[in-house]
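The annotation domain 'NADH:quinone oxidoreductase/Mrp antiporter transmembrane' is assigned in TrEMBL to 23-287. Sequence annotations record features per position, and here TrEMBL assigns transmembrane segment to 60-80, 92-115, 151-170, 177-195, 201-218, 238-257, 277-293. Summarising the annotation, TrEMBL assigns domain 'NADH dehydrogenase subunit 2 C-terminal' to 289-342.
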């Protein structure tokens with residue numbers, strides 16, 4: 001892609017997200033989301049093969065549907081209450097429609113089915129943008145909406161954690177596994193959204209770091225399915241040793257960074273006298289942990305068929321910068337001791 005066109009599209013992507021961040025008016029927030037969607041569409045379709053075009057079309061139709069629902073709910077709220085302020089949502093009908101529209105935008109269950117199919121059609125770089133940056137603007141709106149139905153958010157959160165764990169069990173494509181992982185992590189964030197928005201923000205931050213690290217590892221190894229993970233040790237042995245730790249951090253095992261948001265969320269749910277919800281969320285995390293362990297096993301303890309130990313593939317220089325990967329990997333593995341500092345910073 002022409003670098004000037006790429007710079008324009010990335011600028012539009014950042015501008016759309018920034019407008020949504022800064023807006024307190026539903027019409028401006030909707031405009032920012034539309035700019036965000038229209039800027040990423042050419043990036044998704046830059047590889048002109050049928051799978052990418054199909055995934056781009058699915059993504060556009062899904063986002064257009066969610067944006068139409070959002071605009072309809074904002075207009076309905078203005079008609080019922082006489083104002084367009086995001087933080088002044090008082091009527092339950094437009095509030096519920098807006099929560100469902102934003103859930104469709106980020107891929108929460110039960111409106112999640114587009115996300116694995118869409119992510120499978122893109123390369124890992126575009127998938128990284130879709131899994132990280134594209135979650136920021138809808139989450140900024142979710143954090144601003146007040147007086148939401150707590151039962152609705154708990155149902156969305158538990159369904160997402162269950163579907164995200166259950167759906168990834170029989171997958172062999174890494175991008176689909178990461179899509180279901182994204183659904184499960186978003187479910188954890190939605191569970192605690194109404195009780196502690198700062199904790200949701202902390203979980204979103206750690207999710208962005210861990211997902212970026214995972215995508216960059218797979219991109220460096222040029223891995224798109226489980227079978228190619230088995231020969232990654234001959235290409236980059238040191239990275240192959242670190243990759244299972246990154247996956248286990250995604251699963252939420254101590255003493256890695258991914259344990260921090262799950263631990264704090266379970267603690268907050270228990271404080272809110274929701275022990276059954278906390279127990280179900282913890283049990284659904286075991287489903288996700290299974291396929292992270294499956295990827296770790298395929299990467300470190302198996303050998304691909306017809307791969308002799310003496311034959312090593314050519315080790316060419318990597319075509320991507322390794323500094324972002326090194327930084328995100330260190331953050332993914334070593335942030336747990338800083339939990340008190342991070343919670344204190346977010347509570348200011």
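For all residues, glycine too, the Cβ spot is worked out from N, Cα and C.
Those TrEMBL annotations? Automatic predictions, nothing curated.
Contact between the transmembrane segment (151-170) and the transmembrane segment (238-257) is not supported: fewer than 3 Cβ pairs lie under 8 Å, counting only residues 6 or more apart in sequence. The recorded stretches the transmembrane segment (92-115) and the transmembrane segment (60-80) share 3+ CB pairs below 8 A when only pairs 6 or more apart in sequence are counted, and are therefore in contact. Outside the transmembrane segment (201-218), and at least 6 residues removed from its termini, the chain residues within Cβ reach (under 8 Å) are 124, 127-128, 131-132, 135, 139, 143, 174, 178, 181-182, 185-186, 188-189, 192, 224, 239, 242-243, 246-247, 249-250, 257-258, 260-261, 264-265, 320, 324-325, 328-329, 331-332, 335, 342-343, 346.
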